[in-house]
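**Student:** Just dropping this structure here.
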Amino acid sequence: MEIQFERRIHFTKMTGSGNDFIIIDNRDQLIDADNCRGLVSSVCRRKLSVGADGLILIENDPEVDFKWRFFNADGGEAEMCGNGARCAARFAYLKGIASKPSMAFRTIAGIIEAEIKNERVKIRMTPPHSLKLDFFLEAGGTKPFCLQFINTGVPHVVHFVEDDAALDSADVFNLGRTLRYHSHFQPAGTNVNFARVHAPHSISVRTYERGVEDETLACGTGSIAVALVASAKGLAASPVDVKTRSGETLTIYFEKSSNHDPVDFREVYLEGDAKVVYEAELWDETLIQ
Ligand SMILES: N[C@@H](CCC[C@H](N)C(=O)O)C(=O)O
């Protein structure tokens, strides 16, 4: 006998290079996006529910193909998410919400343009800002950390390490958490990236994500941040392949204006895979605890 529940919410689970998301077509406003913190944090909990790094609501927009509301796993809303944006664009195309493989959608950070090429999605980002190079902060270690900062839709701090061993052994959880809550970045906080530059077109990264409050397997805006600050320091050039913790590679394309001081980045793109894992229903016994 089928169990009867008051509420069933259809969702699609997707992964963008290991950053995983629950995506819901909310064009009929079944979920109140302004009051869904409890629902989001409850369904994003791993082992107790679906589990995800974030949840995305797809809603109507009068000017572009759709708008989204993006929520981190803790239920807080974020301005932008690069991997989530690639998943949302592919979802919209697969569901016919966007009729063509080229589309545009609204985020808090601005309008994102996307191009679907089968399982790969390339998105055009909003202009990055607030670049700050080579500043030092204490993070509980013996010596201050040399850091770089840029906002690529959301805030990112970057620390470059010397070699592969230093990246593998980096205490991403504890150092990431300390810097994420450092008074320097309040009140918004920041995402924290540890990066190793192999060559001008090749970087590896590990990211502690704000709102997930842990290391994730990939972060799109973080990978962009790493590529751009590396370029600003003369260490990288477009296109940059950024190897994420999942082993998947994200490709970052950008133009750097040499006429500007400070460095000005234009035409920033992020490309990588966006895969459907499964589709299912949320039932109300798991929705709110
Ligand atoms: N994983 C995302 C970034 C999501 C938002 C971030 N956690 C924040 O709160 O700033 C990406 O792929 O960019």
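Placed from the backbone N, Cα and C atoms, the Cβ positions cover glycine too.
All annotation found in TrEMBL is predicted automatically rather than curated by experts.
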**Student:** According to TrEMBL, Asn19, Asn72, Gly82, Asn83, Glu209, Arg210, Gly220, Thr221 bind substrate; which of Asn35, Asn191, Asn193 is also listed for that site?
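**Tutor:** Answer per TrEMBL: Asn191.
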**Student:** 10 Å Cβ neighbour count around Thr221 (substrate binding site)?
**Tutor:** 30
**Student:** Other than Asn19, Asn72, Gly82, Asn83, Asn191, Glu209, Arg210, Gly220, Thr221 themselves, what residues in this chain have Cβ atoms within 8 Å of the centroid of the substrate site's Cβ atoms?
**Tutor:** Asp53, Gly54, Ala78, Cys81, Gly84, Val154, Thr207, Val212, Thr216, Cys219, Gly222
**Student:** Asn19, Asn191: which of these binding-site residues has the highest Cβ count within 10 Å of its own Cβ?
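**Tutor:** Answer returned by the neighbour count: Asn19.
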